[in-house]
């Protein structure tokens with residue numbers, strides 16, 4: 001039997017519970033050790049208990065008191081940006097080599113988008129999964145960056161209001177800041193901007209993302225091929241990720257440049273990418289692709305890290 005590394009998930013809300021179910025069903029190098037929350041009445045903790053997973057409603061302090069804490073190699077943090085800072089400090093003092101996968105916008109460690117830079121971060125002890133909008137759109141920015149220098153990238157993430165729990169709503173400002181920084185840091189844009197829209201439509205619509213990229217002039221066929229290749233790579237761990245329609249291109253001539261705040265007047269090739277992300281519906285409804293892409297990316301990251309650790 002293949003050895004598996006034990007994980008704890010901190011946060012028993014939508015994301016934490018969905019991630020638990022993914023690990024229970026599909027974990028190859030990982031297995032559940034504990035689900036941690038702060039609300040003893042949460043559905044996530046009740047579900048974990050029914051599935052035979054150890055639980056605590058006393059936060060990371062309760063996790064540290066569980067009999068199996070010594071066997072935990074990975075901790076996924078699905079709380080909030082502020083809570084992650086405290087959780088990281090507490091857990092790191094107890095287990096310096098613990099691997100933390102941060103699903104909040106705290107970004108203590110380097111940003112990680114699996115198809116873009118996972119291999120460079122395999123030995124990090126804390127990686128940040130950016131945001132749902134970042135996981136969906138940064139691969140597209142990086143795909144253009146492989147072909148041409150990207151001056152500016154702007155993303156708009158539209159998610160169903162019903163899929164946005166209290167953690168998501170509390171982190172709106174951090175969402176835009178973290179996503180914008182990651183568009184630059186790993187997407188390759190000189191300047192990035194992120195916008196999130198909570199769509200109140202009923203019945204809820206699946207996650208939709210729009211990516212606008214202004215780059216140096218480039219061969220359109222090469223850009224389109226790079227985008228299609230990247231989308232296929234993301235589908236390797238998020239099957240519901242897809243290009244909604246063909247990529248659109250617009251030439252921005254020198255005579256009529258765009259005025260980008262912070263960069264000035266720029267010309268080049270404008271690339272518009274339209275995406276949708278349908279969730280796998282493990283715990284959350286299919287419209288909650290925004291949450292599914294976060295849990296799927298986090299699981300893909302930890303699985304690859306665990307594989308590397310087990311093969312060392």
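Placement of Cβ uses the backbone N, Cα and C atoms for every residue, glycine included.
Going by Swiss-Prot, these are the annotated features:
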- 12, 13, 14, 15, 163, 164, 165, 166, 167, 168, 169, 170, 171, 290: NAD(+) binding site (BINDING)
- 132: active site, acyl-thioester intermediate (ACT_SITE)
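A map of Swiss-Prot features onto the structure.
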{"residue": "12", "record": "NAD(+) binding site", "Cβ neighbours (10 Å)": "27"}
{"residue": "14", "record": "NAD(+) binding site", "Cβ neighbours (10 Å)": "23"}
{"residue": "132", "record": "active site, acyl-thioester intermediate", "Cβ neighbours (10 Å)": "30"}
{"residue": "163", "record": "NAD(+) binding site", "Cβ neighbours (10 Å)": "24"}
{"residue": "165", "record": "NAD(+) binding site", "Cβ neighbours (10 Å)": "14"}
{"residue": "167", "record": "NAD(+) binding site", "Cβ neighbours (10 Å)": "19"}
{"residue": "169", "record": "NAD(+) binding site", "Cβ neighbours (10 Å)": "11"}
{"residue": "171", "record": "NAD(+) binding site", "Cβ neighbours (10 Å)": "22"}
Task = Express the distance between the Cα positions of residue 171 (NAD(+) binding site) and the residue listed as 'active site, acyl-thioester intermediate' as a whole number of Å.
result = 12
Request  = Between residue 165 (NAD(+) binding site) and residue 132 (active site, acyl-thioester intermediate), find the distance joining the two CA atoms and give it rounded to the nearest Å.
outcome  = 13
Task = Express the distance between the Cα positions of residue 169 (NAD(+) binding site) and the residue listed as 'active site, acyl-thioester intermediate' as a whole number of Å.
result = 13
Remark   = One should report the C-alpha separation between residue 12 (NAD(+) binding site) and the residue listed as 'active site, acyl-thioester intermediate', rounded to whole angstrom, as 18
Ask   = How big is the NAD(+) site in terms of the longest C-alpha to C-alpha distance among 12, 13, 14, 15, 163, 164, 165, 166, 167, 168, 169, 170, 171, 290, in angstrom?
value = 17
Note = Expressed in Å to no decimal places, the gap between the Cα atoms of residue 132 (active site, acyl-thioester intermediate) and residue 167 (NAD(+) binding site) is 13
